[in-house]
Amino acid sequence: MVAKALAQLITCIILFCHVVASVEDLTIRQVTADNRRIRPNLLGTHTESKFRLFMSDYGKNYSTREEYIHRLGIFAKNVLKAAEHQMMDPSAVHGVTQFSDLTEEEFKRMYTGVADVGGSRGGTVGAEAPMVEVDGLPEDFDWREKGGVTEVKNQGACGSCWAFSTTGAAEGAHFVSTGKLLSLSEQQLVDCDQACDPKDKKACDNGCGGGLMTNAYEYLMEAGGLEEERSYPYTGKRGHCKFDPEKVAVRVLNFTTIPLDENQIAANLVRHGPLAVGLNAVFMQTYIGGVSCPLICSKRNVNHGVLLVGYGSKGFSILRLSNKPYWIIKNSWGKKWGENGYYKLCRGHDICGINSMVSAVATQVSS
């Protein structure tokens with residue numbers, strides 16, 4: 001144990017020295033918008049030319065010179081943040097993303113959205129899922145390969161991740177019970193759901209202002225279910241509630257919270273379908289690809305709702321000097337982010353709080 005800890009410390013020191021010594025010309029791979037080419041991103045040199053390249057790749061425009069200068073300054077800071085993330089998380093690739101002109105506060109407000117519940121599991125109290133047999137689970141598992149996951153969606157500049165996590169779980173549960181995959185309406189939740197956590201009346205579902213997946217389940221049980229995406233399409237902003245009970249496609253029967261145990265999470269995933277989860281998205285702002293296995297990532301600052309769709313058995317972690325199993329996570333920032341819209345995160349030790357807010361839902365077909 002001492003030798004392993006010493007080896008990890010030496011590795012960290014080497015990585016830190018490398019970053020500090022070469023910050024002016026450190027190269028981080030940047031996947032461009034088409035996800036087919038890779039360009040070098042020279043940190044600290046020719047910052048403005050790199051900023052213009054970023055603007056071109058991601059279709060960014062600024063209305064005034066003042067705004068341009070402001071965003072350029074933020075971009076320069078985020079390039080350095082990407083270098084720091086690369087050092088802390090070398091088994092993944094970090095660099096310039098579509099969020100590189102946003103402050104951390106702007107990023108959290110516009111692109112995350114799980115309500116702050118003070119580090120607790122949060123949300124309406126559902127029954128805790130019964131313990132599930134974990135022996136015999138497959139080494140690797142992916143609901144995408146079985147046809148149980150819809151295409152990656154895009155929440156836009158709206159803190160509605162909680163709605164996408166909720167619909168993803170309902171879509172998966174419906175697929176497990178019927179064999180049919182439907183794309184369900186996030187906009188119904190954004191417009192109509194105002195359910196609150198009974199333990200914290202400030203933690204209410206509030207459209208683009210954030211919410212909780214368990215609150216959303218409670219709303220759906222009371223409202224009668226979810227419409228399909230095609231009948232209630234997403235707009236990226238809150239509007240008047242247009243829910244039509246006659247158009248309900250899937251009804252929510254109940255929901256459960258999954259125990260804080262990674263084997264139980266994996267077993268429930270395999271047996272019951274994709275799971276709604278919350279996590280700390282701090283490393284996701286600069287994430288481009290690979291298995292993210294950060295040395296330090298707070299478990300308490302859970303702020304983003306995503307969908308757990310599978311797991312893999314072998315993702316090499318440089319800092320941890322071994323192969324580590326990982327989760328496969330569907331995000332809601334479009335296909336140009338991450339690995340075609342997906343995130344891989346190390347399993348073990350509740351990294352980034354991934355175990356702390358996991359729930360499953362049971363559905364039935366609308367009659």
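Cβ atoms are placed via backbone N, Cα and C, with glycine included.
Taken straight from Swiss-Prot:
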- 1-22: signal peptide (SIGNAL)
- Asn61: N-linked glycosylation site (CARBOHYD)
- Cys158-Cys208: disulfide bond (DISULFID)
- Cys161: active site (ACT_SITE)
- Cys192-Cys241: disulfide bond (DISULFID)
- Asn254: N-linked glycosylation site (CARBOHYD)
- Cys297-Cys352: disulfide bond (DISULFID)
- His304: active site (ACT_SITE)
- Asn331: active site (ACT_SITE)
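Distribution of Swiss-Prot features across the structure.
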residue: Asn61; record: N-linked glycosylation site; CB count, 10 Å: 7
residue: Cys158; record: disulfide bond; CB count, 10 Å: 24
residue: Cys161; record: active site; CB count, 10 Å: 27
residue: Cys192; record: disulfide bond; CB count, 10 Å: 21
residue: Cys208; record: disulfide bond; CB count, 10 Å: 19
residue: Asn254; record: N-linked glycosylation site; CB count, 10 Å: 12
residue: Cys297; record: disulfide bond; CB count, 10 Å: 23
residue: His304; record: active site; CB count, 10 Å: 28
residue: Asn331; record: active site; CB count, 10 Å: 27
residue: Cys352; record: disulfide bond; CB count, 10 Å: 25
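For the pair Cys158 (disulfide bond) and Asn254 (N-linked glycosylation site), the Cα-Cα distance reads 27 Å.
Checked against Cys352 (disulfide bond) by C-alpha proximity, the active-site residues Cys161, His304, Asn331 yield His304 as the nearest. Within its own chain, Cys241 (disulfide bond) has Gln188, Asp191, Cys192 as residues 6 or more apart in sequence whose C-beta sits under 8 angstroms from its own.
The two recorded residues Cys297 (disulfide bond) and His304 (active site) have their Cα atoms spaced 14 Å from each other. Restricting the recorded positions Asn61, Cys161, Cys208, Asn254 to those with a CA within 10 Å of the CA of Asn331 (active site) leaves Cys161, listed by sequence position.
Comparing Cα positions, His304 (active site) lies closest to Cys161 out of the recorded positions Asn61, Cys161, Asn254.
In three-state terms derived from DSSP, Cys161 (active site) belongs to a helical segment. Note on proximity: among Asn61, Cys161, Asn254, the recorded positions of the record, the Cα nearest Cys208 (disulfide bond) is that of Cys161.
Of the recorded residues, Asn61 (N-linked glycosylation site) and Asn254 (N-linked glycosylation site) place their C-alpha atoms 45 Å from one another. The CA atom of Asn254 (N-linked glycosylation site) is located 21 Å away from the CA atom of Cys161 (active site).
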